[in-house]
Amino acid sequence: QLTPSSFLRIGQLSNVDLNEDIHELETEIPRQRPNEIPHNEKLLSLKYESLDYDNSENQLFLEEERRINHAAFRTVEIKRWVICAMIGILTGLVACFIDIVVENLAGLKYRVVKDNIDKFTAKGGLSFSLLLWATLNASVVMVGSVIVAFIEPVAAGSGIPQIKCYLNGVKIPHVVRLKTLVIKVCGVILSVVGGLAVGKEGPMIHSGSVIAAGISQGRSTSLKRDFKIFEYFRRDTEKRDFVSAGAAAGVSAAFGAPVGGVLFSLEEGASFWNQFLTWRIFFASMISTFTLNSVLSVYHGNAWDLSSPGLINFGRFDSEKMGYTIQEIPIFIFMGVVGGILGALFNALNYWLTMFRIRYIHRPCLQVVEAMLVAAVTATVGFVMIYCSRDCQPIQGSSVAYPLQLFCADGEYNSMATAFFNTPEKSVVSLFHDPPGSYNPMTLGMFTLMYFFLACWTYGLTVSAGVFIPSLLIGAAWGRLFGISLSYLTKGSIWADPGKYALMGAAAQLGGIVRMTLSLTVIMMEATGNVTYGFPIMLVLMTAKIVGDYFVEGLYDMHIQLQSVPFLHWEAPVTSHSLTAREVMSTPVTCLRRIERVGTVVDILSDTSSNHNGFPVVESNPDTTQVAGLRGLILRSQLIVLLKHKVFVERANLNLVQRRLKLKDFRDAYPRFPPIQSIHVSQDERDCMIDLSEFMNPSPYTVPQEASLPRVFKLFRALGLRHLVVVDNRNEVVGMVTRKDLARYRLGKEGLEELSLAQT
């Protein structure tokens, strides 16, 4: 029998107990960890809670809403805009911080290694340089991996799958905490400086979301500070809207693409969308790009120039030199097919690797060792390939930051070294813009091959890092190779410019791996500052997505599935019309009476076997035995607040008035409601009565038990529900539909399949 804690460290979305007090008592007992953890992707984990995107319209809520007049609503609206502006500014500043620190540290590292190699090339003994490079990389990555593995495992990876789950309505522990943000930022800096095949763009999305979740609450639970502002927004609905704005601001800071950010939030993230939100999110994205731009321009010394809109700048593509003709369209489509196949291969390899990691590399120390190994191997591969490459290019007129001479003649540099001896962002730009003839086809082919496997091995390590830039780099390398071979075949015809094909290859590869269409097209257009390529990029991405989806699903969806998260897609599975609510729902339901004994409530909440979060409230008539009609729904969190504030009266004098609670008491306890074990109820208090009528939601959504699964799914998904009560024709509760009941059904290879539920 495996204890739940042995599963704490599994995978990237690791499960951390919220009741830390109990957890501390447990840790004193030493326990051995299993060497292999059985993992099956046909499972749904029960450790993930749902978020409540549906407001509980109880009497307190309605009274407060009636008290608010028109002017107060306008203030709330102004506050929303202020929060969005703050999200944009802070996300931009975090991006600047990451960029400046990475630039300086990586520059320092490359200078040290370059001087060392230059010294040893002259007098022999290059193995010392290799040792130096590998040790530098491994030690930097070790620090970055230790902080993630031991302090906050949820900060590993790019964070896009986690944010996707959060916006879908799944509560992933610790995903939007301040601690996660700090670890994420430091981890990204260290893993990029450590020379891993990663980018710093993906994690910006997660960072933006954490910033948004923090600011919109007007307090920090980690720092135990409450600033008493924005209290109206302390509920899941509002928080979710701001988090999608934060994700958009992150994209726009990373790529300098505000419209792309909004579309990303719409396509990948937000499951629920309203019109006012779009405009606010666009505002946040614009502010974030502008902040980044101003700060970086000042930092680079041309304060009025505003020349760096995003962390990655693909440089300008000129329309005059680089138009495209009609006969190139089939070539672009072919590149899309190649990108789709390569992307599917990447995802399949990464899938097996992740399964292996979940089974065997689940201890933090092993994860750190693996990350160091990958860092050392990356440096070694780079060194060996630079060493074996005989591809020399003249230095004058080229814009290489750290030209390595190695065995080339004076005034020349090693062209393989520009690809490996640079941060991935710089390498992408040089592949896009270096004049034809800067790269030997052999160099590009070898580089693509090696980097493909390195990037695949690196994604899913316990470091915080994104997959955007490595995939762009792989694609740009084989795209440029493709362009060179084309111009070779067409005897150097003018239209076969390698840079243009590098761009298409980059789009195809990225589209084949992450399968985004709309937002990626716009991001690529904004990052290159060129609308001419909109159509070919769209074609390439569509082809890559169609081809890739034929084999395996996208990288992010795959990781969500590997974590067994109950993720709800846009539509119910196609063939599920035969199922009805009666077959899907969970039974039996734990109901509460409208006036209930405190002891009963405490026992129900303490029962670990059921662990429900929503309880239908039924009419209390103690004389009859039948189940009474449904009167409302009350949540576990509300009951806990009621017990904590001791809102109950003795049985003898039921006509006494209970203590009045305000909505503020519920908001102050959000989001970390205390566990029931921490609330002490004495023996006398257990016999008191508690009246739930003004705290329960008197109008919960219900469905009849004959409703078909797609209908139930649509209602549940569109309203962002957490509980959907199933009633019979006498309005008596017969069951309850929650997220897990709907996410269980999935279209497999053989048709509709039902996943089993597991505690881990």
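FYI, residue positions are counted from 1 along the chain as it appears here.
Cβ atoms are placed via backbone N, Cα and C, with glycine included.
Note: TrEMBL annotation is automatic and uncurated.
Note that the coordinates shown come from a computational prediction; the quantities given were computed from them, not determined experimentally.
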Of the residue ranges 277-299, 369-391, which one carries the transmembrane segment annotation in TrEMBL?
277-299
Closest-packing stretch to the transmembrane segment (130-151), where packing means Cβ pairs under 8 Å, from 81-102, 181-199, 329-353, 531-552:
181-199
Would the transmembrane segment (242-265) count as touching the transmembrane segment (277-299), i.e. at least 3 C-beta pairs under 8 angstroms with sequence separation of 6+?
yes
Other than its close neighbours in sequence, what residues sit by the transmembrane segment (442-461), given a CB gap under 8 Å and a spacing of at least six beyond its ends?
12, 145, 156-157, 196-198, 342, 346, 349-350, 353-354, 357, 367, 370-371, 374, 377-378, 381, 385, 389, 391, 415-416, 419-420, 467, 470-471, 473-474, 477-478, 480-481, 484, 555, 559
Under 8 Å for C-beta pairs, could you tell me which stretch among 181-199, 242-265, 329-353, 467-489, 531-552 has the largest tally with the transmembrane segment (81-102)?
242-265
Whether the transmembrane segment (531-552) meets the transmembrane segment (329-353): three or more C-beta pairs under 8 angstroms:
yes
With Cβ-Cβ distances below 8 Å as the criterion, list the same-chain residues six or more beyond the ends of the transmembrane segment (329-353) that contact it, or say none.
452-453, 455-457, 459-460, 471, 474-475, 478-479, 482, 486, 501, 504-505, 507-513, 515, 536, 539-548, 550-555, 558, 562
I need to check the long-range neighbours of the transmembrane segment (467-489): which residues 6 or more away from its ends have a CB within less than 8 Å of a CB in the stretch?
158, 197-202, 254, 312, 331, 335, 338-339, 342-343, 346, 419, 424-425, 427-428, 431-432, 436, 439, 441, 444-445, 447-448, 451-452, 454-455, 458-459, 496-510, 513-514, 555
Tally the residues of the domain 'CBS' (696-754) by DSSP class, grouping H, G and I as helix, E and B as strand, and everything else as coil.
16 helix, 23 strand, 20 coil
